[in-house]
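Enquirer: Pasting a structure below so you can have a look.
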Amino acid sequence: MTTTTQGSSRQPLEVIKVHEMILEAFESRDKAYAPYSNFHVGAALLCADGTIVGGCNVENASYGAGICAERTAIPKAISMGHRSFLACAVTSQLAEPSVSPCGICRQVLREFLPLNTPIFMLSSTYLDSHSAKGSAPKALAECLEDYMQGLSLREREAKVNKEYGRLIRVMSLEELLPLSFGPEHLAMPR
C-alpha cells in the first residue's frame, strides 16, 4: 500500500517499507553500546532506492565522544553511497513518551533530509502492542495517511493520543526543527 495525496509535497511512502524501517530501528536499538547511561536508542533511514540503514547510540567513557543513533545511521548510509532519504525512524527503551531526536541530531538530519521528510518516533511498546495483534501495519498506515493528507500537527497529535496511545508519532523534520539553517543558506548571497 502506498500512501500519498494529490498536490502533496510529501513523498509517497509504502507502508510495508516504513514498517521494515521501523523494525530496523528496533533491531539497531538492541545493538546499542550504552554501558554508562544504559539508555539504548536505535534509528533507521529509508533511502530513496528502498535500502534501509540502521544505527545505534555508541557511548564512550569520555562522554562527549559518544554518538547518537541518528548520527550513526547518517554516516553509515553516506559511506554506502546513499544521498537521498525518504524517512527516518527512532526508538528507545522508553515506553512513554516516544523518544525524539536530540538537537544536534536534528541539525545533522537537516543536512541530508528534506524538511518534509517524516520522522517516525516510536515507543518501546510499539511492537508489543501492535505486532502481537497483527495490527502494526494497520495503525502505521492510518498514522501515515493522516500525515500524508496534511493534517496539522495538532490534529495528528490528538488522533495519536486517542487512537494509538502515543505508541507512534510522526512529524516532519521541519516540525521538529522550525526556522532551521541548512546547506542552501550557505549558497545565498551575502
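Quick reminder: no glycine exception, Cβ is built from N, Cα and C everywhere.
Note that TrEMBL annotation is computational and uncurated.
Below are the features listed in TrEMBL for this protein:
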ACT_SITE  E70  active site, proton donor
BINDING   N57, V58, E59, N60, A61, S62, Y63  substrate binding site
BINDING   C68, C102, C105  Zn(2+) binding site
DOMAIN    16-147  domain 'CMP/dCMP-type deaminase'
Enquirer: Let's see if you can do this one: DSSP helix, strand and coil counts over the domain 'CMP/dCMP-type deaminase' (16-147), in that order.
Expert: 55 helix, 28 strand, 49 coil
Enquirer: For the domain 'CMP/dCMP-type deaminase' (16-147), what's the model's average pLDDT?
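Expert: The predicted confidence over the domain 'CMP/dCMP-type deaminase' (16-147), as a mean pLDDT, is 92.
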Enquirer: Within 10 Å of each Cβ, count the other Cβ atoms and name the one among the binding-site residues A61, C68, C102, C105 with the highest count.
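Expert: The residue with the most neighbouring Cβ atoms within 10 Å is C105.
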Enquirer: Which binding-site residues from the set C68, C102, C105 come within 10 angstroms of N57 (substrate binding site), judged by C-alpha positions?
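Expert: Among C68, C102, C105, the ones whose Cα sits within 10 Å of that of N57 (substrate binding site) are C68.
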Enquirer: If you skip the near sequence neighbours and keep only those at least six away, which residues in the chain come within under 8 angstroms of N60 (substrate binding site), Cβ to Cβ?
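Expert: Correct list: G66.
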Enquirer: For V58 (substrate binding site), which of the listed recorded positions (C68, E70, C102, C105) have their CA atom within 10 A of its CA?
Expert: C68
Enquirer: Say you check the Cα of C105 (Zn(2+) binding site) against those of the binding-site residues A61, S62, Y63; which is nearest?
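Expert: The answer is Y63.
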